[in-house]
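Among the features that Swiss-Prot reports, UDP-N-acetyl-alpha-D-glucosamine binding site is placed at Thr17, Gly18, Gly19, Asn128, Arg169, Ser197, Gln298, with the record citing sequence analysis.
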Amino acid sequence: MDNLANQGVIVLAAGGTGGHLFPAEALAHELRARGWDVHLATDARAQRFVGAFAQDHVHVIRSATIAGRNPVALLKTFWSLWQGNLDSRKLFRRLKPKLVVGFGGYPTLPPLYAASNMGIPTLIHEQNAVMGRANKGLAGRVKAIAGGFLPENSGAYAAKTVITGNPVRSPVLVAAATPYTPAGKDDRFRLLVFGGSQGAQFFSQAIPAAVALLPEHERARLLITQQARKEDEASARQAYEKLGVPADVAPFFNDMPARMADAHFVIARSGASTVSEITVIGRPAMLVPFPHALDHDQAANAAALAAAGGAEVVRQADLSPQRLAEMLQSAMNELERLEQQAKAAKSVGKPDAARLLADLAEAIASGKTVQEFKEGNRP
């Protein structure tokens, strides 16, 4: 990195999925602009998402997910977490960070536990409306909690919680400058479908099946961009080719914010990063929460946007191809409704979340309390 800081080192710890890493990337960008040297502690899954960090600033920490009750499996898990704790201590002794910030996921447990035990100030950011298990386990130990969709003034840790919103990456802020323009009745209708950074098998089956049920003149208007898991990519692409519908299908799009800005309608899961980007860019959406989420966090995230009038929320179990086709046809023809949804979504977006979170991070790094931060006593 060619503009290393004089403020000191801050380590960001995040699980290796886009939902955890994208807000970490956004905070890193803001902190670097303020003169901080920012490092990332993560797991091996993160390689395709960490382009915003120099290679020597990415540190893979051993970790494991706590799942099931098998004694042997649990023993292996706790052994991995202990090894991660040792990895983290060694890293922190070398880097001497002034703050460690966790973004959720089990890979954050070793760095945050190590930091708190070493007397290094700690902060966690919870993206969702319901606190995840890893953050829940850390909430009592850290100096401060930043919330994306957490309800304000609720829960046992309200006194040390600050609602900052979810930081979004620079390309999202660039895309947010593109105003929403409804498709004309005879125009191509650009549909964006994605299931978060890990894709969604359900969409790869359900969307082509629904498109097949549309009247031919409606099908002819569609231009589809769809994220699909690698194992579903070929079958989804073939389904659209058979229907004569132009479709760009891939496991991952590096330019997803630009594609969202270009879309007339979005069908997506409702992870926190997804919902945050939809609101900052301001696009009408149908949200289908992942039904197997242990904490039902996606349902809570979706409900927050639906309450503002910015999205329709449909349970996956209720979304037959027939119903999906009806909702898609309605979206293609109720252009005024989509325009109102886009405005409602944008009205609840927080494009300044990275700045607010960076303000909090600097305050905690300097030794200030959350109460002092809330009272305006900032660095």
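Residue 1 is the first one shown; counting continues down the chain.
Each residue, glycine too, has its Cβ placed from N, Cα and C.
In the three-state DSSP assignment, the secondary structure recorded for Asn128 (UDP-N-acetyl-alpha-D-glucosamine binding site) is coil. Neighbours of Gln298 (UDP-N-acetyl-alpha-D-glucosamine binding site), defined as other CB atoms within 10 A of its CB across all chains, total 26.
Other C-beta atoms found within 10 angstroms of the C-beta of Asn128 (UDP-N-acetyl-alpha-D-glucosamine binding site) number 27, with every protein chain shown included. Ranked by how many other Cβ atoms sit within 10 Å of their Cβ, the binding-site residues Gly18, Gly19 place Gly18 at the bottom.
Secondary structure at Arg169 (UDP-N-acetyl-alpha-D-glucosamine binding site), taken from DSSP and collapsed to helix, strand or coil, is coil.
For Arg169 (UDP-N-acetyl-alpha-D-glucosamine binding site), the count of additional Cβ atoms within 10 Å of its Cβ stands at 23 [all protein chains shown].
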